[in-house]
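S.K.: Mind having a look at this structure? Questions to follow.
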Amino acid sequence: MNLPFRAMVSDLDGTLLTPEHLVGDLTIDTLRALEQKGVDIILATGRNHTDVSSILGKIGAERAVMITSNGARVRDLQGNLLYSNSLPEELVLELYKTPFDTSKVCMNSYQDEGWFTNKDIPAMRQFHKESGFDYNVVDFSKHHGRGTEKVFFIGKTPEDLVEVETYLRDKFGDVTTIVYSALACLEVMNKNVSKGDALKHLLESREYELKDCIAFGDGMNDVEMLSWAGKGCIMKDADIRLKMACPELEVIGSNKEESVARYLRTQFGLDY
């Protein structure tokens, strides 16, 4: 069978998932049909693998791969670690000292042991209601830095993160990757960590290349993945900074309409 692409690579929030952060029925049917045709399903997200495992379980894609924490980890559906790039522990401890207004910003970390945050914000759970993935409130001044995938800051508004971003880039810009995964979520990973880099590492063990992938995304943490794939598609409601960074890429519909699934059905000739 002559397939237009060997792999479908997609971001989750704002892209593959509905605005309620759930997997739509059309999306489930589409990804199952693609896997039956031999197309690899690769989900690339800022989320933790515990989150993504639950989503993949609902999709039912048996051979799917998870690129998580913006590329800091790659796992198969069985949870086997295929690639890892952690922040150095001593660097993490310095990141914990980042100054910010605690009334407007919260600090978080994804580590091998789970999700940690400096304050209890129940609204954050809405992003994880499908998986039940939950946070632990800690005092970061006393918390360890082992096995850290990323440290990230969530503001009430994008403006709340301006000073945090300036501080991080000035102090850690040379040794980390700093990127927005959403308008008010600023994330810090180890140097050269991105979804695109993780995809490159994954494909070293596959019989096809980046040009054989179609990718979908909506945030600044998708730039490399979308730019390097054979076909990159940006969501209609994507971060305007992404559209400006990748003006050559096609803009498709919104996640509300399950536009990734609809686009894939057209590309691969799947009936409704």
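Just so it is clear, glycine is given a Cβ too, placed from its N, Cα and C backbone atoms.
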S.K.: Report the candidate from Asp218, Asp237, Asp239, Asp271 that shares the Mg(2+) site with Asp11, Asp13, as recorded in Swiss-Prot.
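M.R.: Answer, per Swiss-Prot (Mg(2+) site with Asp11, Asp13), from Asp218, Asp237, Asp239, Asp271: Asp218.
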S.K.: Given that Swiss-Prot lists Leu12, Thr45, Gly46, Asn221 as binding phosphate, which residue among Lys195, Lys200, Lys236, Lys243 does it place in the same site?
M.R.: Lys195
S.K.: Around Asp13 (Mg(2+) binding site), which of the listed binding-site residues (Thr45, Gly46, Asn221) come within 10 Å, judging by Cα atoms?
M.R.: Thr45, Gly46
S.K.: Under DSSP, is Asn221 (phosphate binding site) part of a helix or a strand, or is it coil?
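M.R.: Its secondary structure by DSSP: helix.
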S.K.: So what sits near Lys195 (phosphate binding site) in its own chain, CB-to-CB under 8 Å and at least six residues off in sequence?
M.R.: Val9, Asp11, Ala44, Thr45, Ile67, Asn70, Gly71, Gly217, Asn221, Asp222, Glu224, Met225
S.K.: An 8 Å radius from the center of the Asp11, Asp13, Asp218 Cβ atoms defines the neighbourhood of the Mg(2+) site; name the other residues of that chain inside it, in order.
M.R.: Leu12, Gly14, Thr15, Leu16, Leu17, Thr45, Gly217, Gly219, Asp222, Met235, Ala238, Asn255
